[in-house]
Amino acid sequence: MDFRIGQGYDVHQLVPGRPLIIGGVTIPYERGLLGHSDADVLLHAITDALFGAAALGDIGRHFSDTDAAFKGADSRVLLRECAARVKAAGFTIQNVDSTVIAQAPKLAPHIDGMRANIAADLGLPLDRVNVKAKTNEKLGYLGRGDGIEAQAAALLVKEGA
């Protein structure tokens, strides 16, 4: 069997005046993530992991942050399109594991909603999608609350291999 593992990463700055959307869930908070799209750091990391596993480049190659068509884009739409492109390249998504690093707000109450959104968008059973939340123990820019980071891993299998 032809298995492929991809790794994804994203980080966005926290700023006032923007909604905080992580994993397709709008989280009540006084700041949100700055970005060309909705800046969903988790979905961007997962999208990168999927494209990487399929050797299809990265999120910027497919959904450029200089393209006006993606201004304010819903990252769930981008994730669904990514999944379609990965499938068109002959791959089946097996599972996704991810970590969000944020000093605040507390993300635990929102994890189930994030997992449900990701599973729905990728057409996966819920038990094949994992989201973890960590702090940075008040160290560095993440610990100061200047931004939020996400990391993801994805496993694909080549159809017919």
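Here the Cβ of each residue, glycine as well, is placed from N, Cα and C on the backbone.
As given in Swiss-Prot:
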BINDING   ASP10, HIS12, HIS44  divalent metal cation binding site
BINDING   ASP10, VAL11, HIS12, HIS36, SER37, ASP58, ILE59, GLY60, PHE63, SER64, ASP65, THR66, ASP67, ARG144  4-CDP-2-C-methyl-D-erythritol 2-phosphate binding site
SITE      HIS36  site 'Transition state stabilizer'
SITE      THR135  site 'Transition state stabilizer'
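Overlay of Swiss-Prot feature records on the structure.
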residue : record                                                 : Cβ contacts under 8 Å, 6 or more apart
ASP10   : divalent metal cation binding site                     : VAL41, LEU42, HIS44, ALA45, ASP48, ILE59, GLU149, ALA150
HIS12   : divalent metal cation binding site                     : LEU33, LEU34, GLY35, ALA39, VAL41, GLY147, ILE148
HIS36   : site 'Transition state stabilizer'                     : ASP65, THR66, PHE70, LYS71, GLY72, ALA73
SER37   : 4-CDP-2-C-methyl-D-erythritol 2-phosphate binding site : PHE63, ASP65, PHE70, LYS71, GLY72, ALA73, ASP74, SER75, LEU78
ASP67   : 4-CDP-2-C-methyl-D-erythritol 2-phosphate binding site : none
THR135  : site 'Transition state stabilizer'                     : ILE101, ALA102, GLN103, LEU142, GLY143
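Close to the recorded divalent metal cation site, the chain also has VAL11, LEU33, GLY35, ALA39, ASP40, VAL41, LEU42, LEU43, ALA45, GLU149, ALA150: residues not among ASP10, HIS12, HIS44 whose Cβ is within 8 Å of the site's Cβ mean position. In this structure, of the binding-site residues ILE59, PHE63, ASP65, the smallest number of CB atoms within 10 A of the CB marks ASP65.
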